[in-house]
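What TrEMBL says about this protein:
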DOMAIN    27-476  domain 'Major facilitator superfamily (MFS) profile'
TRANSMEM  20-40  transmembrane segment
TRANSMEM  82-100  transmembrane segment
TRANSMEM  112-131  transmembrane segment
TRANSMEM  137-159  transmembrane segment
TRANSMEM  171-189  transmembrane segment
TRANSMEM  201-223  transmembrane segment
TRANSMEM  284-308  transmembrane segment
TRANSMEM  320-342  transmembrane segment
TRANSMEM  349-371  transmembrane segment
TRANSMEM  383-404  transmembrane segment
TRANSMEM  425-445  transmembrane segment
TRANSMEM  451-472  transmembrane segment
Amino acid sequence: MPAGGFAVSAPTGTEFEAKITPIVIISCIMAATGGLMFGYDVGVSGGVTSMNDFLRKFFPKVYRRKNETGLDSNYCKYDNQGLQLFTSSLYLAGLTATFFASYTTRRLGRRLTMLIAGFFFIGGVIFNGAAQDLGMLIVGRILLGCGVGFANQAVPLFLSEIAPTRIRGGLNILFQLNITIGILFANLINYGTSKIHTWGWRLSLALAGIPAFLLTIGALFVVDTPNSLIERGRLEQGRAVLCRIRGTNNVDAEFEEIVQASNAARQVKHPFRNLLKRRNRPQLVIAIVLQIFQQFTGINAIMFYSPVLFNTLGFKNDASLYSAVITGAVNVVSTLVSIYSVDRVGRRALLLEAGVQMFFSQVVISVVLGFKVKDHSEGLAKGWAVLVVLMVCIFVSAFAWSWGPLGWLIPSETFPLETRSAGQSVTVCTNLLFTFVIAQAFLSMLCHMKYGIFAFFSGWVVIMSIFVLFFLPETKNVPIEEMTERVWKQHWFWKRFVEDAELEKLEGAVNNGKAKEVESA
């Protein structure tokens with residue numbers, strides 16, 4: 001094996017030789033800017049919705065409720081369906097776009113799908129930055145949502161397929177790292193633009209054009225994945241790209257494995273229907289459940305609305321945005337921890353440790369708010385406020401090295417090639433559906449459940465940790481086209497689905513053979 005490379009053992013004893021080449025690193029960084037755009041959109045909406053100039057122009061009722069004392073409970077200042085629709089419309093549009101993105105990812109490739117996402121992002125930025133009324137704002141958010149749908153479909157698949165197996169987890173998490181960087185940048189920009197009266201919010205929304213431009217330019221220059229090229233019948237080009245990204249001409253074993261997977265994929269005319277077959281049940285259930293659980297950790301409730309949330313607890317505008325910057329920075333640093341550890345300690349260990357940490361922090365927050373924040377009180381005293389911010393940081397750090405990146409990584413690396421685009425589509429669709437539900441409902445839930453909302457999410461953390469303990473297999477260091485043999489067939493619960501499906505397939509083949517014998521006789 002050449003210096004600077006490594007080998008991955010396959011079950012047959014062959015080795016997939018692979019160096020960590022510059023083209024892989026550069027391509028992954030460029031592709032992961034889709035996460036930067038997604039993160040910026042998540043972070044910017046919560047910041048601008050806490051700015052008085054923005055509220056006065058688009059949501060005057062919320063502005064009056066926020067600034068006139070004694071009108072409403074502290075927990076209900078921002079309870080407004082229109083305000084929630086501004087945030088959540090992006091995710092509803094993304095959900096719809098995912099179905100189209102599944103087709104383009106399979107037929108046109110991962111790279112062109114990312115390019116389409118870039119164009120949608122640029123269109124959304126133009127509408128939002130120039131918005132004169134709520135209608136233009138919502139149209140802009142819908143276009144951004146379409147970009148999110150296409151980017152979230154293509155980028156995780158691109159990263160999983162182009163990365164060498166040993167560092168697949170770390171490179172895939174670049175997507176999540178860029179989401180956290182995008183959130184942090186949005187919080188920092190919101191902190192600065194909040195001091196620019198009358199048009200500061202426009203600057204916050206318009207600066208989303210920077211990551212949108214980076215994604216579009218990146219999609220023009222990156223190579224498509226060998227898996228995608230071979231799946232579309234471009235074998236020689238796929239082999240050439242595989243040699244380039246692995247830094248060696250010794251790619252026969254890996255090339256043959258991708259070709260075999262591609263041949264199987266080409267026989268599947270209806271990937272969504274195939275996805276529902278018994279042999280694909282483990283991957284499908286895991287993908288859907290992970291997305292639901294990811295949202296019910298409560299993370300997006302905190303990241304969307306962290307400035308609003310801190311404002312609700314009695315922080316002034318600057319203090320609330322500053323606190324959001326702190327949590328955004330914690331998010332970025334903790335995601336770096338995940339990049340370092342995911343291919344060393346494994347997926348399950350990170351998820352289980354984080355479950356304990358998230359449960360503890362949310363219970364503490366719920367207790368503090370229950371005793372210290374009343375409906376019409378002035379908010380938290382300084383010491384208690386610091387404790388809440390600390391607990392939010394502990395919660396965010398746990399999520400950032402577990403459910404945040406792994407919720408995307410695990411589904412993207414477990415589906416076989418014939419259902420990979422359809423499986424990723426279901427993954428993204430489920431994620432965006434429940435992101436929409438949380439975004440649309442959180443401020444109303446905060447108004448009605450008050451501090452109990454954190455107890456609600458902590459209960460879900462217990463449920464998801466139990467699921468991980470018993471039903472989630474470890475996928476660390478397993479080649480992406482060998483998941484069935486080395487993961488699902490070895491798991492105490494899921495193996496029955498794969499084995500039963502293979503038995504049914506064998507019986508069908510035998511019956512077909514007998515039928516042909518009878519006909520020939």
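In case you wondered, yes, glycine gets a Cβ from its N, Cα and C as well.
Remark: the transmembrane segment (20-40) makes no contact with the transmembrane segment (349-371), by the rule of 3 or more CB pairs under 8 A. A contact links the transmembrane segment (425-445) to the transmembrane segment (82-100), because at least 3 Cβ pairs that are 6 or more residues apart lie under 8 A. Contact between the transmembrane segment (201-223) and the transmembrane segment (320-342) is absent: fewer than three CB pairs lie under 8 Å, with pairs separated by 6 or more positions in sequence.
Mean per-residue pLDDT, taken over the domain 'Major facilitator superfamily (MFS) profile' (27-476), amounts to 86. Against the transmembrane segment (82-100), stretch 137-159 shows more Cβ pairs under 8 Å than any other of 137-159, 171-189, 320-342, 349-371.
Same-chain residues lying 6+ beyond the ends of the transmembrane segment (137-159) with a Cβ under 8 Å from its Cβ atoms: 27-28, 31-32, 34-35, 37-38, 41, 58, 85-87, 89-98, 100-102, 104-105, 110-111, 113-114, 116-121, 123-129, 131, 168, 171-172, 174-175, 205, 208, 212, 215, 222, 225, 408-409, 411-412, 420-421, 424-425, 428, 431-432. Contact counts against the transmembrane segment (349-371), taken as Cβ pairs under 8 Å, peak for 451-472 among the stretches 112-131, 320-342, 451-472. Only residues 6 or more beyond the boundaries of the transmembrane segment (320-342), in the same chain, are considered here, and those with a CB under 8 A from a CB of the stretch are 43, 46-47, 50, 169-170, 173-174, 176-177, 180-181, 183-184, 186-188, 190-191, 194, 302-303, 306-311, 350, 389, 392-393, 396-402, 404-406, 409, 476. Counting residues 6+ beyond its ends, the transmembrane segment (112-131) has Cβ neighbours under 8 Å at 31, 34, 37, 58, 97, 101, 104-105, 137, 139-151, 153-155, 158, 202, 205-206, 208-209, 211-213, 215-220, 222, 224 in the same chain.
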